[in-house]
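Take a look at the structure below.
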Amino acid sequence: QQISWTPLLVLGYLFYLLLGAMVFQLLEKQAETHFRDQFQLEKLKFLQNYTCLDRQALEQFVQVLMEAWEKGVNPEGNSTNPSNWDFSNSFFFAGTVVTTIGYGNLSPSTVAGQIFCVFYALFGVPLNLAFLNQLGKALNAHLLTLERWVQKPGRAQVQLAIFLTTGTLLFLVFPPLVFSYVEGWSYGEGFYFTFITLSTIGFGDYVVGTNPNKHYIPVYRSLTAIWIVFGLAWLALVFNVGADLMERYLQLKWHKPDLSLAEGDTTKLEDEPEQPRIHIPS
């Protein structure tokens, strides 16, 4: 007799969202209030130091700064800042579109660019998923199926450990060191950017190659885009393994074995070759 674990999964999912909401509110709301009050205080100090300005003029200037930021223009620096739409940056942007990262710090401002972006994503996102699927199969070529790893621990465990360790070093541990050196971030900030990017969350609070006070090599963002593609395939495979393990755990915990299964049927099931389940989720 089978016990459905779907309601339990739904409740667990909702509980996880509620837990996240409470923790984020606890951690961030007070800091937001502090920064808001500090910003208002800085505006008052600015008006006191420059009496030729009134509050309305200051608010208009702040609005100009906000519009510039939304258009991808960094208010810091001057007009000599490198373009956001040179080939290297455009290549990086194209990668964020097809991978659905979407940092949000840069977007097309022309109608033609917006329309092209829609159709580019329409065909590019499926193409990216197909590419990541094939890349994931290549990464998974030397791994046994998850079912055999669970049921017959041994060499497969070593292979999985090597796969996870190597990928973690290449995509999660070493890149933050590079970003910390190039961007001037702390290691924690670099690690945060790395994971938020490869998981396609892409908040846009940290983006490489956007500091106007730094000089970047022309191919810096292009190389970063290539690293992102391979990192996406690896992390998607890891997420899929984790989801499969969680699903198997729930099934084993909440599904009772059918005692009416004949011994001959059991032998038949054991003789059948197992099909791989690890894949890049679409």
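Backbone N, Cα and C define each Cβ position, glycine as well.
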(message) If I go by TrEMBL, the feature transmembrane segment sits on one of 87-106, 247-266. Which?
(response) 87-106
(request) Could you pull out which residues elsewhere in the chain have a CB under 8 Å from any CB of the transmembrane segment (112-132), counting only those six or more residues past its ends? (result) 94, 97-100, 229, 232-233, 236, 280, 282
(message) Do any residues, 6 or more residues outside the transmembrane segment (158-178), come within under 8 Å Cβ-to-Cβ of it, and if so which ones?
(response) 139, 142-144, 149, 185, 187, 190-191, 193-195, 198, 227, 230-231, 234-235, 238, 241
(message) Within this structure, do the transmembrane segment (87-106) and the transmembrane segment (220-243) have 3 or more Cβ pairs under 8 angstroms, counting pairs 6 or more apart in sequence?
(response) yes
